[in-house]
Amino acid sequence: MKTTNTNQSLLARSMAAVWHPCTQMKRHETLPLVPIARADGIWLTDCNGRRFIDGVSSWWVNLFGHNEPRIKAAISTQMNSLEHVMLAGFTHEPVVHLSEQLGELTGLGHAFYGSDGASATEIALKMAAHFWLNIGLPEKNRFVYLADSYHGETAGALSVTDVPIFRTAYAPLVRENFSVLSPDPRLAAEEETAEQYTARALADLERVLQNHADEIAALIIEPLVQGAVGMAMYDPVYLTQARILCDKYQVLLIADEIAVGFGRTGSMFACEQAAIKPDLICLSKGITGGYLPLAVVLCTDVIYQAFYADDTAKAFLHSHSYTGNALACAAALATLQIFRDDDVIVQNRIKAAAMNQVFAPLKAHPRVQHWRQRGMIWAFDVVDAPPGFAQKYFQNALNAGVLLRPVGNTVYFMPPYIIDLAQTEQLTSAALLALEASLQA
Ligand SMILES: *Cc1c(COP(=O)(O)O)cnc(C)c1O
């Protein structure tokens, strides 16, 4: 009884003092916040001792589970020597080491740091436009983005994000850019094959590049999976061809691997599956294993060299207070070490194949369509979902012991990589229970 009272006061205090993200706060009059006390592995434990499987890796950031001893140790050790120093005019071992490793992994270089994913998007957009300015083409300062794209919610990032509910209220603050067809094959016309649809999406991209290349700095793209719209998965051939078109029309390619990077789609980076190298890459979310905010943009040497000059105005004069935070870099280095020590990419491939078997009853459910999987992401759409389905499903899933947060009528799983098959069975049963409960009128 005592804990319940304490929790009620925690919820009331949270409602009074905290403005929760991506939330109509009034909803919490009827849907109480969930007070989390602890987390370990794939489990979140609330203040009453109820446990939930973290089926979305705490908004896609947690790779190796909560309470991961190696990442904790790395942060703790780093804290003994240096927690933070400004990165303008100063440097330190963790940021250099991390930049070297990310350079090796991406084939790009000169890592520029921010904190959240949206700061990486801002950095990449500014860097791309400034690159063209520095080489004498200042009119190349607009961007191409895919329909249904998501690149973050700061003002610049919103200008390349196609999610009306995030964008409409801020329309006067947001610059117009060029939107092209999404390669999501679910958008194919009835008589059209997926291949034909991909070709049509590429033709749309080429039309915009052909007509506007002289005002376009870059194409920004979520490689292989458009996450926020509801895990739209598309063919790598679109990326391969988009790279060719960017080269043909002299437009930079920005790969936003904030969600898909660090093994999520089955390779370290999603671009590898299309055998392409972007001009700029944005990384964040999983980079610290879900421990601390960190974002980074790496670029080609050609871009870097365009800023390297005697003239200060040619420099990339962008900064955030916590740029290159030493604790966050230590967490990222530990995360990369786990990838090597545990052979994560290979092990995930084996695990995902086995998990597909476990998910079979869900896939076979008569109201499930467009079942799809790439790496450690699974998603499906619910046919004839009732109004308010996402909210209902979220609540019913919690009742069944799982954190799942559908987007519209799409339910997805993005579990921490350490999930095992027994836990996958629990996840499947809970997802089925929640589905049945949410389909009831
Ligand atoms: C989450 C996300 C972002 C924004 O990252 P934040 O840390 O939420 O600012 C940008 N791009 C993609 C693809 C994302 O999934």
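Cβ atoms are placed via backbone N, Cα and C, with glycine included.
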Of Asp54, Asp256, Asp381, Asp384, residue recorded by TrEMBL at the pyridoxal 5'-phosphate site of Gly117, Ala118, His320, Ser321: Asp256
According to TrEMBL, which candidate in Lys26, Lys285, Lys351 joins Trp59, Tyr150, Ser319, Arg405 at the substrate site: Lys285
DSSP three-state assignment for Ser319 (substrate binding site): coil
Cβ packing number for Ser319 (substrate binding site), 10 Å threshold: 13
Pairwise CA distance, Trp59 (substrate binding site) versus Ser321 (pyridoxal 5'-phosphate binding site), rounded so that it is a whole Å: 24
Binding-site residues whose CB lies under 6 angstroms from ligand 1, from Trp59, Ala118, Asp256, Ser319: Ala118, Asp256
Collapsed DSSP category at Arg405 (substrate binding site): coil
